[in-house]
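Here TrEMBL flags 49-93 as zinc finger. Taken from TrEMBL, the feature domain 'TRAF-type' applies to 49-93. The compositional bias 'Basic and acidic residues' annotation in TrEMBL covers 149-168. Feature annotation from TrEMBL assigns transmembrane segment to 176-194.
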Amino acid sequence: MAMASEESTSVCSHCDRAIPSSNLDLHMVHCARNLEKCKICGDMVPKRHSEDHYSNTHAPVSCSLCSETMERDILAVHKGENCPQRIVTCEFCEFPLPAVDLAEHQEVCGNRTELCPMCRRYIRLRERYNHELRCTGVPDNSVGSSRDVNPRPTERGPRGGVPPRREPQGYSRKRLFFTIAITGIAVLLGSFLFQNRPEANQVH
């Protein structure tokens, strides 16, 4: 029994497809009349739909966020990853804002400080992650302790002991007024007694 030989094929010069040689002439007539190769993507599209294919696939479109013009097939990637006006969130405060403003915002936001609940130190937000990795949880009492241990020379006494006690300013004024009042009364009494003393001598 004879084996049927495989039918030979030929390539259509219009659509570059392999067509059985027996149907090539009929195919080429139909192909050239009804199909058209897209100059951008190379796909064969019906001639009556060629304008729709270009408008829906390749025509430049404007981004609704930044108004930049681009091909339609990259619009989704642009809006999701590259558009400067796409909304992103700050890694420190999770505030939503346009991507173009993110760097300036995070420069300020990252310098804010928060109290570490473990060591009770104020840590910049941009350093919080690294601080949490190495935080020992031991409170830092170094702030303000140097003044208690080593007082400044101007605050020490003449021999390095406890500085002299300073009385409140209001208390010093009260003492001054009291002293002036007592002095005034003493002067008046002395003057009165001095005037009455000669009169007593004249009576005797």
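Cβ coordinates are placed from backbone N, Cα and C, and glycine is handled just like the others.
A Cβ distance under 8 Å defines the sequence-distant neighbours of the zinc finger (49-93), meaning residues of its chain 6+ beyond its ends; these are 36, 38, 40-41, 43, 99-100, 102, 105-106, 109-110, 112, 125-126. Break the zinc finger (49-93) down by DSSP state and the numbers are 21 helix, 9 strand, 15 coil.
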